[in-house]
Amino acid sequence: MAEQQPAITLERVCKSFGNNRVLHEVSLVLPAGKILVMLGPSGTGKSVLLRCLVGLMKPDSGRIFVEGQDITALDERRSAGREQMFALRRKFGMLFQDGALFDDMCVGDNVAFPLRQHAKMSERQIAERVAEDLERVGLKNVQRKMPAELSGGMRKRVAFARAIALRPRIVLCDEPSSGLDPVMSATLDELILDLHRSLNMTFVVISHDTAEARTIADYIGLLYKGELQEFGPKEQVLRSSRLAINQFFDRSTDGPIQVL
Amino acid sequence: MEFLHFVRRALVAQFSGPPPRDEFVRHALDAGVGSLPLLTLLTIFAGMNLSVQAYGTFVRFGGQDLLGLFCGVGGIRELYPVMAAVICGARIGATLAASLANMQISEQVEALEVMAVDPMRLLVAPRLWAVTLMLPLLCGYADVVGLAASYWAATEQMGVNGGTFMEQVRDIVHLSDLAAGVFKGVVFGWLVAIVSCYHGYRALKRDGAEGVGVATNRAIVHSAVLCIVLNMFLSALLYVR
Amino acid sequence: MLNRSFRWFEACAAFVEFLCAVCRCLVTGPRYLRETLRVMDLLVRRCLIPVGLAVAPVGAVISLQGAGLFRMFGAESLLSSLLATAIFREYSPALASVMVAAQAGSSIAARIGTMKVRGQIDALAVMSVDPIRYVVVPGLIACVIVTPLLSVLTTLLGLVSGWFFAVPVMGVDHGSFLANLYAQVSLVDLWVGLGKCMAFGTAVGLIAGFLGLRTTGGAAGVGKAANDTVTMTIVLILVADYFVSMALLRLGV
């Protein structure tokens with residue numbers, strides 16, 4: 001029964017900062033084990049959506065269910081709510097835009113960090129897992145290096161290894177291809193597909209790269225001006241006659257999406 | 001208001017179990033041992049200053065023989081604790097604020113939250129403990145170094161009788177004064193740490209490098225001012241009978 | 001070790017070079033007067049409260065501890081003389097400068113450091129605007145002028161708070177407090193105080209500009225620049241203060 005439960009359900013989620021409406025009545029259902037690519041021009045609330053999913057931000061109204069559990073009902077100011085929130089977050093792994101590696105730890109310690117905090121594993125098991133995950137993202141013998149010594153692409157891959165170290169059920173990626181050359185971002189896309197196949201995780205990927213959406217997505221969403229313009233399985237969305245979607249995939253300046 | 005909320009969360013984190021050991025040791029070493037060269041240099045000069053300036057002032061009243069009294073009272077009760085606090089406010093506080101602000105703007109704090117680790121427990125609590133415990137030690141150290149420097153300047157440069165000087169210091173400075181100095185150190189240490197952590201923690205991602213600068217600046221200024229002002233109240237409380 | 005001493009040597013050379021560039025900018029135009037005034041205005045507004053808050057308690061503490069001391073010898077009336085000399089000559093300039101270093105120094109260094117890591121300094125150079133002339137010199141001039149001004153204010157504040165804690169709180173006689181206040185202060189003390197302030201202000205402006213321009217290593221580097229500026233200037237102020245006091249004492253002024 002648990003297998004049929006959707007990974008993420010959003011019900012009319014709204015969020016604004018002052019008068020600035022960032023998310024407006026966003027609703028969607030993402031089945032478990034699928035890859036969702038959320039597209040949209042910069043500054044349309046994609047990052048906010050991601051942060052609402054892990055409870056880093058609280059929506060003004062609407063509800064968010066993660067594997068059936070309502071995270072908007074948790075009150076982080078109460079210690080019980082905080083405990084539950086933390087328990088829930090263990091289902092997540094997150095790849096931050098610039099990696100967010102801890103500067104004062106070496107690569108190995110960075111990847112081992114979530115394991116040391118949460119998993120009851122011996123140091124040897126941890127070291128094995130760290131090596132395994134680093135190899136999975138195509139890095140070998142970098143455990144002793146400091147994050148500052150790595151290139152942007154390597155940093156992102158290390159961050160990826162850290163995000164999946166605890167074998168989370170859902171992995172969130174914030175602009176995985178931003179600031180990378182095309183070859184490196186293609187490598188990262190393959191990595192996502194590979195991990196998805198081998199570990200059967202649900203992915204939510206934030207991007208403005210339509211090529212990325214075509215390659216990896218099972219589901220595509222388009223967010224513009226805080227509203228979910230389009231959402232559905234990839235084939236259906238790509239066949240859509242909606243202007244906004246066509247404009248985005250055709251890279252055209254002519255259409256409903258206007259640069260202000 | 002926001003600050004009080006932060007203080008509440010920090011206190012909860014600080015007193016809910018021992019802080020993570022590695023982080024604590026690292027920050028204690030950095031705050032304590034790392035401040036030693038600077039503090040030594042500064043207290044030597046401050047102590048000599050105290051002697052020279054007091055001598056210059058007292059000579060006008062013909063009271064140069066009272067130098068020991070003044071150096072004892074002025075130095076041990078007031079100057080050295082405040083100086084240790086202000087110097088550490090500048091050095092340790094700025095380092096704390098800059099490191100936390102840097103973690104905030106590069107999303108490392110959010111990364112911790114996503115990994116279900118409470119940043120207050122992992123980042124703030126060990127810093128609070130480290131500075132609160134190290135600053136009183138630094139105060140005690142500054143007392144010794146500063147007094148020695150005052151003594152040297154008074155006897156070697158001003159020609160004051162060394163025996164009289166030490167006798168006066170022993171007369172006026174009681175064990176309770178030293179204890180009061182250490183107590184001040186504890187209070188200042190906690191204050192420097194909490195103020196600096198607050199400003200560092202409050203930096204936002206969109207502020208970028210500027211946010212780190214602002215946090216550092218505020219941490220330095222606010223902790224220095226708070227320590228000096230609080231010192232007045234503590235002195236009034238401890239010494240006015 | 002060799003590497004380290006070499007880097008130290010390199011920093012010294014860079015500082016001398018920086019100093020020459022600053023001097024060149026000071027004697028030749030163009031001068032960015034408007035920018036200088038803007039920085040001055042900013043500094044006064046930012047420093048006023050911290051400096052005031054830092055100096056007022058010192059007057060209070062001198063009165064608190066001094067009253068007890070002098071009472072032991074029945075010389076309470078001398079308290080105000082001690083207060084006035086200490087504040088005019090020593091504490092007001094030193095503390096005003098330390099607080100200017102903390103507030104203005106760190107914010108100038110942080111601002112220049114931010115510009116550096118964001119590439120704005122290079123952008124200025126590409127637009128053939130000398131960064132030293134445009135961002136360092138205005139801050140330097142502002143520091144030199146603002147520090148003595150603030151010191152005048154802090155002197156007043158220190159005396160007022162000293163009076164408050166001596167007369168109403170510790171019960172020293174109001175008449176004798178005022179009568180002895182200026183007994184030992186001469187015009188020389190005032191000038192020495194102001195002169196120190198200008199010298200310390202120069203140090204703050206120079207060090208902040210130098211370390212700000214040398215910032216490397218992104219956001220963390222900005223914090224380090226601000227931090228180093230403050231510690232270095234405080235060291236410099238205390239060390240210089242000692243030698244000035246010593247020299248004055250020898251000269252018998």
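Placement of Cβ uses the backbone N, Cα and C atoms for every residue, glycine included.
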Given ranges C:22-42, C:190-210, the stretch to which TrEMBL attaches the annotation transmembrane segment: C:190-210
Contacting positions for the transmembrane segment (C:163-183) when only residues 6+ beyond its ends and CB under 8 Å are counted: 59-60, 63-64, 66-68, 76-81, 83-84
Range from C:48-74, C:94-113, C:190-210, C:230-249 with most C-beta pairs under 8 A to the transmembrane segment (C:134-157): C:190-210
Same-chain residue ranges lying at least 6 outside the transmembrane segment (C:190-210) that approach it to Cβ under 8 Å: 14-15, 18-19, 22, 88-89, 92-94, 96-97, 100-101, 104-106, 108-109, 112, 132, 135-137, 139-148, 150-152, 155, 229, 232-233, 236-237, 240-241, 244, 248, 253
Long-range environment of the transmembrane segment (C:48-74) - Cβ separation under 8 angstroms, sequence gap at least 6: 82-83, 86-87, 91-92, 95-96, 98-100, 102-103, 150, 153-155, 157-166, 169-170, 172
